[in-house]
Amino acid sequence: MEDLLHSIEQKVKPLIGLGKVADYIPALANVDPNQFGIAIYSNNGELYHAGQAYTDFSIQSISKVFSLTLAIKHYGEDMWKRVGREPSGNPFNSLVQLEYEAGVPRNPFINAGALVISDMNQSRFASPHYAMREFIRRLADNPHLNSDQIVANSEYEFRARNASMAYLMKAFGNFENDVEDVLHSYFDNCAMRMNCVDLAKSFSFLANKGYSQLSGEQILSARETTQVNGLLATSGLYDEAGNFAYRVGLPGKSGVGGGIIAIVPNRFSVCVWSPELNKSGNSLAGMAALEALSESIGWSVFG
């Protein structure tokens with residue numbers, strides 16, 4: 001497997017230089033684009049990696065999967081009264097659909113949906129970001145994980161669009177807490193710094209019927225795990241979810257920091273990272289690497 005990952009690394013390296021790092025978050029604009037890492041963590045506890053798999057990066061929207069998992073653990077089916085389960089087809093930070101649909105976001109992985117989930121967690125925990133950080137540390141088996149406050153502060157400074165979504169949802173009665181407090185927690189979560197190995201380990205529970213062998217916890221039930229993977233397959237890659245399903249055929253979630261996680265149910269979790277993004281905000285080399293991996297191993301949730 002490690003030989004395969006090294007060959008994939010060499011295959012996608014020519015793509016580096018053809019994308020663009022996220023520049024709408026100033027603290028992310030300075031990331032060296034000439035980087036690539038990939039890691040796999042199997043249900044047997046085996047770790048394989050290649051490239052810069054131990055280089056930390058900002059997980060950004062990948063954090064939405066952690067937030068959703070916490071909300072499911074504490075709210076169960078009741079949470080779906082406030083957020084939908086349908087693909088959006090619009091950019092991840094769109095306001096148009098949100099107003100048209102009376103302040104109920106299409107799914108938990110667009111920004112509006114993630115803000116509602118953060119609002120729920122704000123109601124549940126006295127210190128939401130602390131609860132999230134400790135949860136992620138357990139899943140990754142890494143007690144040293146933290147947020148990058150420079151990135152979090154940068155995102156908060158340029159919060160206008162996210163704040164607009166939150167206030168719009170509040171106007172429709174779908175936001176309970178102080179908007180600025182929720183935004184701080186939301187950006188702190190997005191600014192968590194992790195690497196490919198951390199993330200592959202963290203999401204191993206989604207490949208293992210909800211059980212994390214690293215923390216020894218049943219994180220979600222087997223049924224809830226299937227449901228989360230279904231949402232990842234339909235809505236995990238912004239408005240490129242269909243293309244990802246076509247090319248890769250696995251549940252996945254991306255972030256504008258250049259990371260993408262993907263799940264091979266009952267087998268392993270994988271994280272790939274390369275900072276340059278395509279026009280949809282997904283890692284250019286990362287998408288190609290996961291497509292090459294899927295082709296090589298012949299595993300897809302679609303048969």
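Positions of Cβ are set from backbone N, Cα and C atoms, glycine also.
Feature annotation from Swiss-Prot assigns substrate binding site to Ser61, Asn111, Glu155, Asn162, Tyr186, Tyr238, Val256. In the three-state DSSP assignment, the secondary structure recorded for Asn111 (substrate binding site) is helix. Taking a C-beta cut-off of under 8 angstroms and a sequence separation of 6 or more, Asn111 (substrate binding site) has the following same-chain neighbours: Phe92, Asn93, Arg161, Asn162, Met165.
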- Note on the structure: Out of Tyr186, Tyr238, the listed binding-site residues, fewest other Cβ atoms within 10 Å surround the Cβ of Tyr238
- Around Glu155 (substrate binding site), which residues of its chain at least 6 apart sit with Cβ under 8 Å of its Cβ? Ile25, Ala27, Phe187, Cys190, Ala191
- Long-range same-chain neighbours of Ser61 (substrate binding site), Cβ under 8 Å, sequence gap at least 6? Phe92, Phe109, Ala114, Cys190, Lys253, Ser254, Gly255, Val256
